Amino acid sequence: MDDAKNSAVDVLEKQAAFLSSALPYMQKYENETVVVKYGGHAMGDPALGRAFARDIALLKQSGINPVVVHGGGPQIAEILMKMGIESRFENGLRVTDERIVEVVEMVLAGSINKEIVALINAEGEWAIGLCGKDGNMVFAEKAYRTVIDPDSHIERVLDLGFVGEPIEVDRTLLDLLACSEMIPVLAPVAPGRDGKTYNINADIFAGAIAGALEAKRLLFLTDVPGVLDKQGKLLKELTVSEAEKLIKNGTISGGMIPKVETCVKALQNGVEGVVILNGKTPHSVLLELFTEQGVGTLIVS
């Protein structure tokens, strides 16, 4: 019995120590904006989803203004399969035709968005689900991708349909929500000036939002610990120039390249620091913001 009691006391002491050590970081981020891109494995795990929602609620209770941007690629693919809609790919990238973009909007701005809102509201906060269409928050234009043909080595342009890139962000609505103690949860769907609807990569959307809000931090929750060196060791902090060198020498490769490039663009647009971290770690948002060492890779100018 005494051992059990002592063990319980030890746990409480550790919790109290963490809260005490977090105070200077809470003060550091008070009244600041933190944009969190929520995606990857964490979105499909109910326990991690609840932990994430509690983290966001705690940020708000600590005087921080969190803004959540979410993805939903696997969920979109699942619904398309159930509806019998075949996806067409160009060089590994899904072509979003008029029928598919309707499904994308339904899944992202509908079911996924409202699930996240409900999780945060269950923690006693006041979250609201939006997309780029609401309040003319974001306008997009059609995005094109260029690839090098492996056989001819000739560059060609890919038309991916209703895939867009943000070109304008109006922060007015987001500022009003922050003043109203509300937490925006944003789906990466936006209108174009041409009246069409565009699906936007969630990382790019989050970077544009963070830049417009001049966020203190932009956090990318991924399925990896952060940027790794060639030995697989986590790199705790990088400058933009260091990150660019790592891309050139092949240390940063594959899917991490566009993510780091998005980080760099966000920094150029006014974000103070961008962090790539593992969303599969419970409470990774708190561990990154409220501890000295953090748990991901911080990229700064």
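Using N, Cα and C of the backbone, Cβ positions are placed for all residues, glycine too.
Here is what Swiss-Prot says about this protein:
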SITE      LYS37  site 'Transition state stabilizer'
BINDING   GLY72, GLY73, ARG94, ASN199  substrate binding site
SITE      LYS259  site 'Transition state stabilizer'
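Minimal Cβ crowding within 10 Å, among the binding-site residues GLY72, GLY73, is found at GLY73. Between the CA atoms of GLY72 (substrate binding site) and LYS37 (site 'Transition state stabilizer') there is a gap of 11 Å, rounded to the nearest whole number.
The Cβ of LYS259 (site 'Transition state stabilizer') lies under 8 Å from the Cβ of ASP203, PHE220, THR222, ILE276, each of which sits 6+ residues away along the same chain. Residues GLY72, GLY73, ARG94, ASN199, recorded as binding substrate, reach a greatest CA to CA spacing of 14 Å. Sequence-ordered, the extra residues of this chain that approach the substrate site, with Cβ no more than 8 Å from the Cβ center of GLY72, GLY73, ARG94, ASN199, are GLY71, ILE76, ALA77, THR96, VAL104, LEU108. Per-site Cβ counts within 10 Å over the recorded positions LYS37, ARG94, ASN199 peak at LYS37. LYS37 (site 'Transition state stabilizer') and GLY73 (substrate binding site) have their C-alpha atoms 13 Å apart, to the nearest angstrom.
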